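Look at TrEMBL and you will find 104-115 tagged as compositional bias 'Low complexity'. According to TrEMBL, the feature domain 'YDG' maps to 248-396. The domain 'Pre-SET' annotation in TrEMBL covers 471-532. The domain 'SET' annotation in TrEMBL covers 535-671. According to TrEMBL, the domain 'Post-SET' annotation covers 681-697. Summarising the annotation, TrEMBL assigns region 'Disordered' to 93-122.
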Amino acid sequence: MEDDDGQDYVDKSRVLNVQPLRCLAPIFPSTPSFPSFPHPQAASPFMCPPPAGHFPPGFASFYPFSGYPDSHNMQTPMPFGFNGSIPAVPINSFRSGANGDAGSSGRSSRNPGPSQYEEEDGYSDWVHVNEGEDSSKAATKKKRIPKRVRAGSGQDINVASSDVDLDAMVDKIVESFNLMDFDAFKRADGDKDSVGYIRMIYDLLRRKLSQIEDSKESTPGVTRRPDLRAGTILMNKGIRTNVKKRIGVVPGVEVGDIFFFRMEMCLVGLHAPIMAGIDYMGLKVSQDEEPVAVSIVSSGGYEDNSEDADVLVYSGQGGNINNKGMEITDQKLERGNLALEKSLHRGNEVRVIRGVKDIANPTGKIYVYDGLYKIQESWVDKGKSGCNVFKYKLVRLSGQPEAYTVWKSVQQWKDGSTGRVGVKSHDLTSGAESIPVSLVNDVDDEKGPSNFTYYPGLKYLKPVNSNESSTGCGCHGGCLAGNSSCPCIQRNGGNLPYTTNGVLVSQKPLIHECGSSCLCPPSCKNRVCQSGLKIRLEVFKTKDKGWGLRSWDPIRSGAFICEYAGEVIDITSAEELRCVNDDDYIFDATRTNQPGEGFLNASNETLKIPFPLIINAKHAGNVARFMNHSCSPNVFWQPVLRENSKECDLHIVFYAYRHIPPMTELTYSYGIVPPDRADQRRKKCLCGSAKCLGYFY
């Protein structure tokens, strides 16, 4: 509105027009026994409501996504670990008429519309499901999951059925983790280990499901969502942590942690709604309860102002949208907006998760946990459509580790607006890699590694004969996941070892990639580690461990990082170097991982190599020689055999154990030596891990 002078006028009193919470009764259950349907006349305690509407015949209410068991089925025992816990939210909540509630999680008002939305997670994160149809039917029944959910846009979401015994597959994955001590306490209140385990189990299951879906023919109009499917399965099995909703710090989740799927945040208790941007809970005030915000997700696709790394101006939720994605009604002070307003006056901490673009996936988002903020002020502003939109200014609390600030700094280095401090060389590889590798030292005066030449591959002093014939494949257009006649796929156990986006599904004794004897092109999905570096790396001087390696880019769990390059030597030469104390840059593939490191190996099979591969990278090698040891590594190595009919073409390739934020040092375990060489000298370990053994070989 305008005043008499024609100046824009904001009526801030509208923000403070707070109605008693019981006025919002239509969105709450009517009794404390948590029935499935609201009663419009009842004033009830605040809670996250279950999905509205009856479930179709043959399907029970989708627990735990429905929040609580159906009142008519209360005799059904609750799954272990779900008592008063954070409800994950069904997709059916995301409809035009129910926006923004943390219980229904529908933040459809922040949906820019079908023609303008930004896809998140590599999929559309803004799918509106028709009223009366419920994606939460995905509760497993007789080891089956409903095939599809009809979306409001006419698109099907495959949440997907298959002939695979999902329960057996999940049990096998869970058994590969040491969860014997993962009791009810860690489900209610997690720690770093439990959060890490849950995230790795989820991502391994998601990749397994992706592998299954990749082997099938695509169906027009169907979007496969292994991320939602994996989360649904784990929720139903009670495999989650931090189930109690809380204000402030979430145990085991650290500032700067990154998430590639919103379901990950739900499983570890960081942000409960799968799609809604505002998560809130009820607090007892006198005889009533009032909502307070506990976390928000700023995905970057709306009118939020996120230019300042320590200040976020967050747009509210609500208001109907037209078919062009424009709001056509004013937002109301209810649900998430009301919770934010209450948090302003109460002064409680709010967790902020910022969404940034995934450079490896133009349609995807990466979610960065930026720590705790407090709401400083609120007002009403005119949105792009001319309708009133609530605005909330959040300020980051001091003393927290840097998170989003790091992302902004890296972006400035990339676009050249700010120089990287301490750069000794802008490209250590001298053009040998398609992506430059910076050499940085802001610790002392050392200019770089001495007597070293960058070399991106392996130098075999003599050919190594293969014990097995390798004819290669004839897939002229590239190997297809569902092609059971492809010899390369057969050697990998009947499946491609990578998902469509090039992520390793799981650790294996030996991976067979296509090689020189194959007819497939360089773009083949089974040649992931053959095209050089794919991420921007930096060799940097550490304070106490010499040179180290880290990435400017975020790295997804299972993603290819690099291979170990250098000169292949025999055991005799390696022993000679060890005797003269000159084995600092030798990689010995006959070593095995430290006990307890096989997080990604659901088969628990030991690594297998065709011959004892030993690589010396002292004088010639690549970035891998700069990776330091850690007793709690974030990188693991894997033998990869490239099909070659003439000789054995074996390589050692490094992949990410878990999601790795930018500017985090990359480390792997140097492993343990065979028992007959256990008398070899040990070196003092300086990894600083809580699980540090104090030494490494």
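Counting begins at 1 with the first residue displayed.
Here the Cβ of each residue, glycine as well, is placed from N, Cα and C on the backbone.
Sequence-distant contacts of the domain 'Post-SET' (681-697) (same chain, at least 6 residues past either end, Cβ-Cβ under 8 Å): 544-545, 591, 594, 628-632, 667, 669-673. Residues of the domain 'Pre-SET' (471-532) grouped by DSSP class, helix first, strand second and coil last, total 8 helix, 5 strand, 49 coil. Broken down with DSSP, the domain 'SET' (535-671) shows 13 helix, 50 strand, 74 coil. Summarised by DSSP class, the composition of the domain 'Post-SET' (681-697) is 0 helix, 4 strand, 13 coil. Assigned with DSSP, the residues of the domain 'YDG' (248-396) fall into helix, strand and coil as follows: 18 helix, 69 strand, 62 coil.
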